[in-house]
Amino acid sequence: MIHGQTSTPGLSVAPQIMRASWVESRKGQANVSQMHYARQGVVTEEMAHVAKRENLPESLVMEEVARGRMIIPANINHTNLEPMAIGIASKCKVNANIGASPNASDAAEEVKKLKLAVKYGADTVMDLSTGGVNLDEVRTAIIGASPVPIGTVPVYQALESVHGSIEKLDEDDFLHIIEKHCQQGVDYQTIHAGLLIEHLPKVKGRITGIVSRGGGILAQWMLYHHRQNPLYTRFDDICEIFKRYDCTFSLGDSLRPGCQHDASDAAQLAELHTLGELTRRAWKHDVQVMVEGPGHVPLDQIEFNVKKQMEECSEAPFYVLGPLVTDIAPGYDHITSAIGAAMAGWHGTAMLCYVTPKEHLGLPNADDVREGLIAYKIAAHAADIARHRPGARDRDDELSRARYNFDWNKQFELSLDPERAKEYHDETLPADIYKQAEFCSMCGPKHCPMQTKITDEDLEGLEKVLEANTGAAELTPVKLDKAD
């Protein structure tokens, strides 16, 4: 297992085998959600497992799930899942997007992408397949191979089911696809229920308009039919479906800003207010919720956006895409967005959706997935350190000790991307003998400052000399014993 992953070593196999027995007795009950059990004072096996992974008391996990500040996306039909948590009390998580497009990929290719994403540390994976393949086949293959929660956007398949015809798409089509995804084991679904018909005029004046694919589909539907968003009017029906499978809402932000100019505008904030209403409606059904957020946001507006979401949505976990803090770096948007992601995580965002270097340019390949995930694992980890989460800095300290001791193999092992670290070291010093060397190619064998090995004992001796010579014109010479 690569060190980028958040799975606890030694715990990644047993839960996948055991979870079928955990959920067997729950099947057929009217409500099998983790929130439902938590509100009854029950610590489920999933909650207990999450507590171990997060180094948190089981009682705290149960309380946070009951309160809605933490979710455990874990559909009862996804039995090979290793349960994980998303919430402000847990470590900041990272999602990776995969999915077949009309122009590329198939089920086997998507499973390869899934395995790559998990290898490089994805805590959840979203299947954003839009067509050109058998979507049910792709989704079933992904869920069957995934130890991490899988999310989907059902409106894509709803539109595909009527061959892309907005005029033929009706309310029941949406609900049929939503339940199908639940039956297949999808752990969370992006439901764009917060976009109301009265919000659409607020988009006037934007540079990039509506940039959410799901939101765009629903906007077209409302404009064509002159009716309210069916995902809003049928929201309670969706809650009834979700609680039978313990599928979690990821409330979609259809009006997220697609550029710096559009950030924090009236359209975005109007939808956010509705998302808060929907969060509380879902909680009345004991259904778990996280809320999606922007997008493209200037650095100085990120804290406002996080705090506003917490206020409007009663502290339901926040899940953001980036945000990108500038729009002028196509090809480097994994960097422009990781900057914003680290800040968003520091201010309390619970999960970060990765962005790859191909964002705005094309479909990412394997190298792009790797680059995007590592950038976001860095951002999430930086946020964990800044929020002083239990044990967050332990690996940093361990790697720093290995660095000071010139233990190159230990440094590689502890890296987020060991392969890259070793590759860069070996470009100039490839021989095995250099894995014991007390230098790298930057300073060479004579100029590394860490070779001096000034010890605490040396410094304590210096302190005594300084104290003894307080006020003296000259200091007594101090001899420092260097390590062998």
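From the backbone N, Cα and C atoms, a Cβ is placed for every residue, glycine too.
Fair warning: this is a prediction, and the values are worked out from it, not measured in the lab.
Shown in sequence order, Ile86, Asn95, Ser250, Met290, Val291, Glu292, Gly293, Thr349, Ala350, Met351, Leu352, Cys353 are the residues of the chain, 6+ apart in sequence, with a C-beta less than 8 angstroms from the C-beta of Tyr319 (substrate binding site). In the three-state DSSP assignment, the secondary structure recorded for Tyr319 (substrate binding site) is strand. According to Swiss-Prot, the substrate binding site annotation covers Asn97, Met126, Tyr156, His192, Ser212, Arg213, Gly214, Asp253, Ser254, Leu255, Arg256, Glu292, Tyr319.
In this view, His296 (Zn(2+) binding site) is surrounded by 25 other Cβ atoms within 10 Å of its Cβ, with every protein chain counted. Look at His296 (Zn(2+) binding site): DSSP puts it in a strand. What Swiss-Prot lists as Zn(2+) binding site is His296, His360.
Taken from Swiss-Prot, the feature [4Fe-4S] cluster binding site applies to Cys440, Cys443, Cys448, supported by sequence analysis. Cys443 ([4Fe-4S] cluster binding site) falls outside any helix or strand according to DSSP and counts as coil. Proximity of Cys443 ([4Fe-4S] cluster binding site) to non-local residues of its own chain (separation of 6 or more, Cβ distance below 8 Å) is seen for Pro449, given in sequence order.
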Checklist entry - Just how spread out is the substrate site if you go by the largest Cα to Cα distance in Å among Asn97, Met126, Tyr156, His192, Ser212, Arg213, Gly214, Asp253, Ser254, Leu255, Arg256, Glu292, Tyr319? => result 20
Item to check | His360 (Zn(2+) binding site) versus binding-site residues Tyr156, Ser254, Arg256 - nearest by Cα | outcome: Arg256
Checklist entry - CB neighbours of Cys448 ([4Fe-4S] cluster binding site) within 10 A? => result 15
Checklist entry - Considering only the binding-site residues His296, Cys440, Cys448, which fall within 10 Å of Arg256 (substrate binding site) when distances are taken between Cα atoms? => result His296
Next on the checklist: If you count CB neighbours within 10 Å, which one among the binding-site residues Ser212, Ser254 has the smallest count?
Outcome noted: Ser212
